[in-house]
Amino acid sequence: MTKYVFVTGGVVSSLGKGIAAASLAAILETRGIKVTLLKLDPYINVDPGTMSPFQHGEVFVTEDGAETDLDLGHYERFISGKMTRRNNFTTGQIYESVIKKERRGDYLGGTVQVIPHITDEIKHYIRVGAGDAQVAIVEIGGTVGDIESLPFLEAIRQMAVQLPREDTCFIHLTLLPYITSAGELKTKPTQHSVKELREIGIQPDVLLCRADRALPADERRKIALFTNVREEAVILALDVDSIYKIPSLLHDQMLDEIVCHKLNLLAKAADLSTWKKLVHALEHPERVIEIALVGKYVDLTESYKSLSEALIHAGIHTRSKINIHYVDSESIEKDGTGCLDGMDAILVPGGFGKRGVEGKIMAIHFARTNRIPYLGICLGMQLAVIEYARNKAGMQGAHSTEFHPETAYPVIALTIEWRSREGQLEIRTADSDLGGTMRLGGQECLLKEGSLARRIYGSDKIIERHRHRYEVNNQYIPRLEQAGMSISAVSAGEGLCEMVELPQTEHPWFVASQFHPEFTSTPRAGHPLFAAFIEAAAVFADKSPSSEGAISADKPERTTTGAYIQ
């Protein structure tokens, strides 16, 4: 039977519940425990697919095509298991399911209420999401005290009552603010947060106290006394410069031992040697690489969370420190490409809407004409095709029908039909709903023999995750190829364009993909496409007049992906 660890948060949002949950899962996994994670989001949206990145941050896409919370990306990066649509659900999904049941008459004419119907549905979703895991770590989104979180908190309270005592554990993450004028950490917000949680009927077994400095012993004792939590279970969640240090930080304070004791789990000792090697590689780079990430959501970098982490992973596996410069594409439209001077590589990520598109195209033109390594992802590939069509293939005014429906050269057009991972035919039109109607999830791609893409992946067939409505218009591929652009990967079956590249006689490293490789990058394994991108940037930096990217005069020997972390 599955045992449950429930993770809640108090005082303020964005304290890092997802990182804490993922770190605990990583430690338990090294102890031989089969673990999974769930994220419960209290908002009424069915999923975050149509939410603004400025409000929600990144939308993480799972292998089975679910648009989910960005915390699922952290989960996949910290443990070996893959998340599915069952690992993330929202208030919207719960109410939608209950209302459908009511319409079918499943409640036999009874009055449908939050308790028991909504809470029962939440418990059902938790059990289904846990699957056959030994331990399911369940993160409750939001903050204790939020009205929308109450049904979720009531549901997990009921589970603690209904299950044996040793089958549940509650972890509460709070903030210990430091008041400069007083010169001390303040515990009162934590006391009140736990008080509010206890009023709901939940007594935390562990407190994770987020702070920017050490927690004095007397303050720890004070927190334990006033929250009814054992002193050894009051654990400091110290601010660190890398999230990949958190597993060791929590393990050193015996969090995993406390949880295993509460859940009555017998497990081998934790082995965090891989995580320690990873952190060592992160802290001992041999070069610095400057990457320009040109996007429209740069004011909230959480919008590109998986992407920034994938670049960090590539840095780990190439012994490079990655400095990411977030560049607003609209600023390029206004002020030109001067902000890209000194960059070792340029990356244009995915995005939606017309705003900032021409600035991204200008950045791509700058990368191509100056032979700077370029990686385009999703929209970044589509705009690379548009730039090449305009400036090399003689199609002046070429555009995407997403932004310019009347363009004379619609080199990017709506994907009308394709087959899902399960082989089901999917058909879309311009009038289709926005939510959940894109080409989503893992899709098989065939790599062209002799292409740079095939050399990078070392395979003729890959599966990568997608999230898009528009695609390269096959009608214009012959003209693009005649001008010099190569279609280096296509989808299995439909022959949709999946990757483009330029011959290395024209450009040393110019690669773009319709899919999102960042969703499958992990710190332990990295990702071949990002590693190759960073290696290309390192070569460019070495050839630059100043070579300012070098940490030492002795250039390290290049190595293959994954050589440093076993």
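Using the three backbone atoms N, Cα and C, a Cβ is placed for every residue, glycine included.
These features come from Swiss-Prot:
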- 1-265: region 'Amidoligase domain' (REGION)
- SER13, LYS186, THR187, LYS188, PRO189, THR190, GLN191, LYS222: UTP binding site (BINDING)
- SER13, ASP146, ILE147, GLU148, LYS186, THR187, LYS188, PRO189, THR190, GLN191, LYS222: CTP binding site (BINDING)
- SER14, LEU15, GLY16, LYS17, GLY18, ILE19, ASP71: ATP binding site (BINDING)
- ASP71, GLU139: Mg(2+) binding site (BINDING)
- 290-543: domain 'Glutamine amidotransferase type-1' (DOMAIN)
- GLY351, LEU379, GLY380, MET381, GLN382, GLU402, ARG469: L-glutamine binding site (BINDING)
- CYS378: active site, nucleophile (ACT_SITE)
- HIS516: active site (ACT_SITE)
- GLU518: active site (ACT_SITE)
- 545-566: region 'Disordered' (REGION)
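Comparing HIS516 (active site) with GLN382 (L-glutamine binding site), their Cα atoms are 13 Å apart once rounded. Around GLY380 (L-glutamine binding site), the same-chain residues at least 6 positions away in sequence with a Cβ under 8 Å from its Cβ are LEU347, VAL348, PRO349, GLY350, LYS360, ILE364, ALA512. Counting only same-chain residues at least 6 apart in sequence, those with a Cβ under 8 Å from the Cβ of LYS17 (ATP binding site) are VAL7, THR8, GLY9, ASP71, GLU139, ILE140, GLY141, LEU173. Other residues of the chain with a Cβ within 8 Å of the Cβ centroid of GLY351, LEU379, GLY380, MET381, GLN382, GLU402, ARG469, the L-glutamine site, are GLY350, PHE352, CYS378, LEU383, SER400, ILE412, HIS468, TYR470. Among the recorded positions listed (LEU379, ARG469, GLU518), GLU518 has its Cα nearest to the Cα of PRO189 (UTP binding site). When Cβ atoms from all protein chains are considered, those within 10 Å of LYS188 (UTP binding site) total 11, not counting its own.
All protein chains included, THR190 (UTP binding site) registers 29 other Cβ atoms within 10 Å of its own Cβ.
In sequence order, GLY9, ALA20, ALA21, HIS74, GLU139, LEU173 are the residues of the same chain, not among SER14, LEU15, GLY16, LYS17, GLY18, ILE19, ASP71, whose CB sits within 8 A of the CB centroid for the ATP site. Under the DSSP three-state reduction, GLU139 (Mg(2+) binding site) is assigned to strand. Across the structure, SER13 (UTP binding site) and GLN382 (L-glutamine binding site) place their CA atoms 36 angstrom apart. The binding-site residues shown are THR187, LYS188, THR190, LYS222; of these, the one with its CA atom nearest the CA of MET381 (L-glutamine binding site) is THR190. The record assigns GLY351, LEU379, GLY380, MET381, GLN382, GLU402, ARG469 to the L-glutamine site; their largest pairwise CA distance measures 14 Å. Ranking the binding-site residues ILE147, LEU379, MET381 by how many other Cβ atoms lie within 10 angstroms of each Cβ puts ILE147 at the bottom.
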